[in-house]
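**Q** There's a structure below that I have some questions on.
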Amino acid sequence: MAMPQNSTRENGFCFPRPLDFSCPRPHPGEAGRPLGAVSGGDGCSTPLSNGIASSGAPSPSGSCAEPLCTASPAQEETPFEEGIKYVSADGEELACGWGGFTPGCLQLCNTSKGVLFFLCVASFLQGMTVNGFINTVITSIERRFDLRSYQSGLIASSYDIAACVCLTFVSYFGGNGHKPRWLGWGVLVMALGSLLFALPHFTTARYEARSAAQVGVCGGNQSLPCSQAASSLSGYRFVFMLGQFLHGMGATPLYTLGVTYLDENVKTNYSPVYIAVFYTAAILGPAAGYLVGGMFLNIYTEIGRETDMAPENTLWVGAWWIGFLGAGAASLLISIPILGYPQRLPGSQRYIVMRVSEAHQLKDGSHKKASDPDFGKTVKDLPRSVLLLLKNPTFIFLCLAGATEATLIAGMSTFGPKFLESQFSLSASEAATFFGYLVVPAGGGGTFLGGFLVNKFKLRCSGIIKLCLLCTVSSLLAIFIFFIHCPNMPMAGVTQMYDGSALPGGHLNLTAACNAQCGCLQDTYSPVCGTDGIMYYSPCHAGCKSVSVNLRNGQKVYQECSCADKSLLPGSGKAEAGKCISSCAKKPLLLFFMFVVILFTFLSSIPALTATLRCVSDRQRSFALGIQWIVVRTLGGIPGPIAFGSMIDKSCLLWQDQCGEQGSCYVYQNSAMSRYTLVAGLVYKVLGTTFFIVACLLYKPPPAESAPGSLDASENGTSDLQEHKPSLPAEEDI
């Protein structure tokens, strides 16, 4: 049976026959106005299309405030390839293209799925570059350009500094402007940052390193003299800092405007899933960066030049720059289609009409100021926008909870590989790869699952905050696994004396009778595992006098190691390059609960983001995300690694000695490392739980009777509209 005319007018959905109706223009912030206010109209001249060639039914892609009508018969018969004019009722261009170039084939991508694809590629490239390549190659950059640890720390921090500087400007003006253009130019700036980061490789002389076949053995030349003048290459740190600054500038629109653009152009129910897919791509990026960056580091930095060094050598510098060139070129290409998208997608207006406002209701009613269509278009409204957000307690405590979670995520991503390296006696590359395999299913799966749960159970804002609270409590319980730890592998002179006895007072003693004549220096750390199952600081400290290569696995084997010789036959002691393999029985249990902690930490990320979008007014969504990112970075992202690093440094047993100056830590005490990690994790998890509880208690939703539609209204809009409008015809009469 055909739907009665009055029902069609009230629901505002299109059917295969032409319909002419209009309604008073609502304010953007008043998308929740009852649809029953729609009245019949007479006349309509602007053709509309939802951008789907196979459908003859028009879609109200323009505002509900304007007359809606179908295309004329002549226009309906026009083939898709010849082009359909995509305009809204107020003359807004809705076609995908660049200027006047809008070919019909491009309109296949002019959908929410098309936008999602390109934004996912951009977020993947951003994560792979900033959180993957940078963390992987930072040691090689230090070695190549003679940088100190604090200088490389400044390089890494330049990203967050740029983001904090640009977030307010980008989120405020970009949120009320043409979002795809802001996004496209941002990705383009990010591409320039990657290309600039790789530039020093091409502007410096070739890397020269002395042959080190005999370095490290007893009696060999142990190290470069300390009096060597400081290299002028350290000035390139400013180029790297500028490249990272451009990375931060370019990524700023991606996680503010990109999220709101997706949220505005899909059904409210599907929004968490789209955002979850978007963030999952951003999490898979660093994992790919670790794996691909590690592969590039096995290639010598001067490609095509012969060298007798192996990647295990302390003087080896890998091809750190290849990844940045590739990521820069890819970002450059992906920015082009993003720049071609319209300000809003065809057909998106119907989702705005159906959207139910869940903004927190302020007692003084000042939240209604954001409903003004002219609000936020000038810089004069900036202080008032900030004030409205500061008066929203739910938003404030969601920001604080996000900061605590960001602290944990930043700490885990920075020191997670180091924790695995110490607990399981792995090499740095093995630990990074292992951690990448752990983060992909836990971080990526948790992020996607969080968005899926919000969509599956059709959660409102208060329900979403309760889901975040449940996830935080679950990860809080799982973090108690850090009560257990793996024992340290025995290391001569560090964890025990050379004769196996305990170190007096815990002081280092790397010299013994077996290596007293070797002249070993402490500034070359190259651990080896002796046949006696004990690790030594270097082949020299193990008293090894010669070296050979195992043809079966390419591993270096040191021979005539006097300190590892426990037999009656002199000269029979041997040692292999690298650490001794740990046989910790608690390894599976520790890995499982680390997986759980990472899973539930990331599982709450998309629900928390969705709750932030829903507890503020529609016109403040982009700006609210910008403010939240500033809080998250200043309170979590920037100090997070510093807080975790300072805690973990307290467990160091062996510090690097750089000509009398303390460098980085070589060996940690595993029991102390687990204990300090537990303390830091508990503090931030308890704070996060508290903030989510307060946000849930203080949230005040709008009155239910003011909602015209429903968040889970289906596309043909019958079920929930009937729930709020019992006077509509029953479904079987449609």
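Cβ coordinates come from backbone N, Cα and C, glycine included.
Caution: TrEMBL annotation is automatic and unverified by curators.
Under the heading domain 'Major facilitator superfamily (MFS) profile', TrEMBL lists 115-698. Annotated domain 'Kazal-like' per TrEMBL: 508-565, in sequence order. Among the features that TrEMBL reports, region 'Disordered' is placed at 705-734. The transmembrane segment annotation in TrEMBL covers 115-134, 154-175, 182-202, 238-262, 274-300, 320-341, 394-414, 434-455, 467-485, 589-611, 623-644, 676-699.
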**Q** So which of 154-175, 394-414, 467-485, 623-644 has the most C-beta pairs under 8 Å when paired with the transmembrane segment (589-611)?
**A** 467-485
**Q** Look at every Cβ pair spanning the transmembrane segment (467-485) and the transmembrane segment (676-699), keep those 6 or more apart in sequence, and say whether at least 3 of them are under 8 Å.
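**A** Checked: the transmembrane segment (467-485) vs the transmembrane segment (676-699), in contact.
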**Q** Check the transmembrane segment (676-699) against the transmembrane segment (115-134) for contact, please; criterion is three or more CB pairs under 8 Å, pairs 6 or more apart in sequence.
**A** no
**Q** Quick one: do the transmembrane segment (274-300) and the transmembrane segment (115-134) have at least 3 Cβ pairs under 8 Å, skipping pairs fewer than 6 apart in sequence?
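**A** Yes, since the transmembrane segment (274-300) and the transmembrane segment (115-134) share at least 3 Cβ pairs closer than 8 Å, they count as touching.
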**Q** Six or more residues beyond either end and a Cβ under 8 Å away: which residues meet both conditions relative to the transmembrane segment (115-134)?
**A** 109, 155-156, 159, 180, 183, 187, 190, 194, 244, 247, 250-251, 254-255, 258, 261-262, 265, 274, 277-279, 281-290, 292-293, 320, 323-324, 327, 330-331, 334-335, 337-338, 341, 345, 413
**Q** Where among 154-175, 182-202, 394-414, 434-455 do we find the most Cβ pairs under 8 Å to the transmembrane segment (320-341)?
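**A** Per the Cβ under 8 Å count, 182-202.
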**Q** So how many of the residues in the domain 'Kazal-like' (508-565) end up helix, strand or coil by DSSP?
**A** 0 helix, 13 strand, 45 coil
**Q** Which residues, given as numbers and ranges, are at least 6 beyond the ends of the transmembrane segment (154-175) yet have a Cβ under 8 Å from it?
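**A** Same-chain residues near the transmembrane segment (154-175) but 6 or more away: 130, 134-135, 138, 141, 147, 182, 186, 237, 240-242, 244-249, 251-253, 256-257, 260, 376, 382, 385, 619-627, 629-630, 633-634, 637-638.
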